[in-house]
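Copied over from TrEMBL, here are the features:
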- Cys241, Cys308, Cys309: Zn(2+) binding site (BINDING)
- 9-323: domain 'Hcy-binding' (DOMAIN)
Amino acid sequence: MGIQKERTLLEDLVKKAGGCAVIDGGFATQLEKHGATINDPLWSALCLIKDPDLIKRVHLEYLEAGADILVTSSYQATLPGFLSRGLSAEEGELLLKKSVTLAVEARNKFWDAVERNPGHRYNRALVAASIGSYGAYLADGSEYSGCYGPDVNLEKLKDFHRRRLQVLVKASPDLLAFETIPNKLEAQACVELLEEENINIPSWICFSSVDGENAPSGESFQQCLEAINKSDRVKAVGINCAPPHFIESLICKLKELTEKLIAVYPNSGEVWDGRAKRWLPSTCFDDDKFELFATRWHNLGASLIGGCCRTTPSTIQAISKVLKNPEQS
């Protein structure tokens, strides 16, 4: 019964949004624009410790831009990561819960203000608790290679994700977002965990891709979706933090492989030099291109569209404008 109710919540949002809900954009990008220094293994989760008010501010900026779904600042927030910074397990768990609380508080504050204006065009946003891949915790780029080494098996991945998942679920987000999953093994671990923990909060599982054809591990998406397609707990599948010029063909591929909702939130197309710790000049999508291609992506079958690294509230505003008010575009 719980799963049915939550599924309706997500499906209702997509319907209210005109068939395609808007996910927010690059979180760390926006934190840095406001002066945050996050060159750290904890990445944007560092602000959970140092500047939680800034996290809420960024959530509000994305809501103002038209986001229907807020993704929490917990992507790189893990209990082992917090323990390595000298925090206790209890402190780490409180920070995980805080990532959801900050997003919920921002959503409620924004919605309370918006409801006073009967002519508004916003939807009441859902909060998706971000669960980054094992590679994101390693902070060595392996979420873009899928190479975890011979010592990482299914049980180790489930053990890694289990407690974080339990803590985030207790914080009562509307959705769970497994992000930048690089291989079939971790996708299977996520699906089995949802079953073992009897999670009734609807989830999406998004993969990265470095070649526009396969998962980073080189495995086909047909292989990666085998476990996902058998799960009633996973409501959507898709691609995040891949270059935007890959998205059209990947939507077509996913459309052939699954009946689940399809989510896409690519990065801007810029390339991160992990060794030099900087963004390299490269061909990328500006807001105008996102506005143009968001319509194509929706027409091809995407029901959830947003942005990842190096996208901003102005990107999300462009996407929201074309999807919700096409006559004004």
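Placement of Cβ uses the backbone N, Cα and C atoms for every residue, glycine included.
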### Query
With the Zn(2+) site defined by Cys241, Cys308, Cys309, which remaining residues of that chain have Cβ atoms positioned within 8 Å of the Cβ centroid?
Gly26, Thr180, Asn240, Ala242, Tyr265, Pro266, Asn267, Gly307, Arg310, Thr311
### Task
Just name the winner among Cys241, Cys308, Cys309 (the binding-site residues) by count of other CB atoms within 10 A of its CB.
Cys308
### Message
Taking only the residues in the domain 'Hcy-binding' (9-323), give me the average pLDDT of this model.
### Response
94
